[in-house]
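Here's the structure we're looking at; comments come further down.
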Amino acid sequence: MTIVVLIPKVARPASIDQFRPISLCNVTYKMITKCLAERIKPLMPRLVHETQTSFVPGKHITNNICILQEVVHSMRAKKGRSGWMVLKIDLAKAYDRIKWSFV
């Protein structure tokens, strides 16, 4: 069983975004998940898409910045053509800022 506890980020929190959730798990749960994670680790290169850069050993999220710069450069080089669009979605705090009705 896991218990989620909210830890305040500031002295007197006024809203939910001023808390940090932590999960308290028992030792058995932690041991089982560690064993499962170690068994799945060799399969990860086949399970995780090659464009995924966060939380993948040997890759860095900054790679995405370089890719974006190349895409924007290519778009600017093709002036006169329509139909190009760059979309940035803020996925912070577990998708709480996305207006799913708009997407």
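Counting begins at 1 with the first residue displayed.
Placed from the backbone N, Cα and C atoms, the Cβ positions cover glycine too.
As annotated by TrEMBL, domain 'Reverse transcriptase' applies to 11-102.
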(request) With DSSP as the reference, give the number of residues of the domain 'Reverse transcriptase' (11-102) in helix, strand and coil. (result) 44 helix, 7 strand, 41 coil
(message) As a test of reading the model: what is the averaged pLDDT for the domain 'Reverse transcriptase' (11-102)?
(response) 81
